[in-house]
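Colleague: Handing you this structure, nothing more for now.
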């Protein structure tokens with residue numbers, strides 16, 4: 001007889017233990033052990049050590065098999081267990097690590113491999129190849145594609161979060177906190193009698209009292225500075241949506257700004273000369289042209305489709321100098337200027353900010369981070385077995401994504417969702433807008449270095465999103481390049497990895513709808529292509545999501561700066577707008593507070609937050625990958641300190657891409 005020593009690690013999160021009966025079996029190249037009961041798995045954070053006797057050596061250990069049987073008194077309750085890993089010491093005193101890091105429910109059988117990453121064409125054991133196939137077959141049955149709306153990325157076929165597999169659901173802690181935060185925000189609003197109040201705001205002072213106890217320093221700064229042109233320009237670089245602005249070399253034909261209009265804003269310089277110097281910039285909200293505006297509180301609301309021209313002053317301040325609120329020029333579509341009356345100019349900027357709400361929330365936040373993250377996650381779970389190195393590299397980046405997206409479809413963009421019922425771009429216009437946004441989505445726009453170059457923003461000053469984003473792109477790229485080099489020695493390794501090729505094929509067909517115009521690859525032919533794509537995936541679900549998500553309450557909590565809806569049409573003449581006009585244009589009180597509650601909830605960090613660069617070590621055991629992981633974590637720590645040092649001298653610190661503030665997945 002020989003003896004194998006098995007250590008079973010239960011997760012440390014709340015309710016990770018189980019009262020279910022848990023059994024373990026070892027499978028090697030020369031045989032398998034008997035099924036052995038694991039005692040005391042009820043305690044979170046426990047490490048259970050037990051001996052598994054075998055008549056003779058099992059050879060090289062290939063698999064650990066865990067299966068559970070429901071505790072009789074809890075047979076009708078979904079009592080799940082979180083297994084972190086299993087570590088086996090062989091009779092030859094060798095150690096084999098079997099990472100699990102997933103929830104296991106009753107009546108579930110889980111087969112998982114030793115932590116060494118293996119590509120399919122390197123498998124020499126027929127049983128291992130067969131086990132890979134079985135694993136993927138079972139996942140294909142669980143993770144199925146479904147059409148959310150024509151022309152949009154496909155989603156996982158699931159009706160509610162209760163149908164999600166345990167391995168992709170929130171932890172108990174996350175689930176409890178998320179529900180508690182939502183309840184806390186809504187209770188506060190209900191106590192104030194605002195969430196059902198369909199009246200209009202009487203003054204900005206009245207609005208200022210909402211969420212008074214929860215204001216952040218940035219919220220206060222926004223409330224004090226939202227009317228200022230300098231802050232308007234700042235937000236297009238470092239606010240919630242730094243994705244719209246681009247350098248402008250000539251005026252669009254549908255934006256007939258004249259030299260006389262902007263002469264004062266350019267300090268007497270000519271518009272043409274400032275074009276040539278690269279000091280003129282444009283934001284164009286053309287996706288909103290023709291989109292159906294929502295009906296809220298039984299009242300028609302309105303959408304603009306503005307063009308806004310901006311000037312970078314000699315003092316490095318980005319200032320708006322002309323705004324046209326509709327795409328088609330005409331007498332009823334004046335070009336508003338900083339020299340116009342206070343409320344003419346302010347209301348024009350408010351319409352731009354409302355348009356920015358639509359682009360931000362639906363295009364750059366929902367579509368380009370959440371929906372794409374779901375595509376990447378589902379394809380990974382369907383096509384890459386747990387032993388695949390790309391699965392190990394990516395899986396921690398999809399933590400909670402499928403649940404948060406399912407919740408969003410239930411609570412935010414469903415028929416009765418917050419965005420659907422309260423946003424000017426909600427209702428039927430939501431899908432219309434998303435389809436337009438999807439039609440403009442390209443691979444290069446998802447790759448930050450190419451996106452910055454494509455928008456001509458390489459040298460614009462005080463662009464902290466660009467500075468921090470490019471640095472983090474480079475850190476992620478270097479890490480991915482070294483990790484991939486450990487597993488793929490040449491281009492032919494990539495080409496003959498059938499699992500990897502199926503992965504990218506499904507992303508192309510189900511995520512990007514087989515449109516070659518997007519530039520998304522249908523297959524990989526080189527290591528370089530793979531490295532770039534993986535860098536984009538990781539960057540999108542971590543850094544990019546943090547950039548467009550984390551400041552939602554900071555910048556969007558004060559409604560006039562980021563109005564969810566507007567209930568008066570864009571002005572067609574000048575000289576008619578007053579403070580009263582502005583207040584009548586703002587959304588009703590209940591519409592406002594529902595929007596504020598949503599951005600408050602979506603900006604609330606969970607206590608089980610995992611920062612960028614963490615989570616990898618749960619899935620790798622080889623020396624080289626672990627060294628690369630620790631090396632990258634050290635680089636991120638160093639850069640975090642650099643950002644903190646820079647921010648000390650800024651009137652408004654840019655903190656959203658501090659590595660410590662970037663969540664490792666789309667989990668909120």
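For all residues, glycine too, the Cβ spot is worked out from N, Cα and C.
According to TrEMBL, the record shows the following:
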DOMAIN    2-118  domain 'PLAT'
BINDING   17, 79  Ca(2+) binding site
SITE      103  site 'Essential for stabilizing binding to COTL1'
DOMAIN    118-668  domain 'Lipoxygenase'
BINDING   365, 370, 545  Fe cation binding site
Colleague: Suppose we draw a 10 Å sphere around the Cβ of residue 370 (Fe cation binding site). How many other Cβ atoms does it contain, all chains included?
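Modeller: Result for residue 370 (Fe cation binding site): 23 neighbouring Cβ atoms inside 10 Å.
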Colleague: Whole-number Å only: compute the distance from the Cα of residue 370 (Fe cation binding site) to the Cα of residue 103 (site 'Essential for stabilizing binding to COTL1').
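Modeller: Spelling it out, the Cα of residue 370 (Fe cation binding site) and the Cα of residue 103 (site 'Essential for stabilizing binding to COTL1') are 23 Å apart.
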Colleague: My understanding is the cutoff is Cβ-Cβ under 8 Å with a sequence separation of 6 or more in the same chain; which residues meet that for residue 17 (Ca(2+) binding site)?
Modeller: 10, 41, 42, 43, 44, 46, 81
Colleague: Measuring CA to CA, name the entry from the binding-site residues 79, 365, 545 that ends up nearest residue 103 (site 'Essential for stabilizing binding to COTL1').
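Modeller: In terms of Cα distance, residue 103 (site 'Essential for stabilizing binding to COTL1') lies closest to 79.
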Colleague: DSSP says what for the domain 'PLAT' (2-118): how many helix, strand, coil residues?
Modeller: 3 helix, 63 strand, 51 coil
Colleague: Mind giving me a neighbour count for residue 545 (Fe cation binding site)? Other Cβ atoms within 10 Å of its Cβ, every protein chain shown.
Modeller: 25
Colleague: Can you tell me how many other Cβ atoms are located within 10 Å of the Cβ belonging to residue 79 (Ca(2+) binding site)?
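Modeller: Excluding its own Cβ, the number within 10 Å is 19.
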Colleague: Do me a favour and check the Cα-Cα span between residue 79 (Ca(2+) binding site) and residue 365 (Fe cation binding site); whole Å is fine.
Modeller: 34
Colleague: Validating a neighbour-count step here. Other CB atoms within 10 A of the CB of residue 103 (site 'Essential for stabilizing binding to COTL1'): how many?
Modeller: 21
Colleague: Averaged over the domain 'PLAT' (2-118), what pLDDT does the predicted model reach?
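Modeller: Mean pLDDT across the domain 'PLAT' (2-118) comes out at 87.
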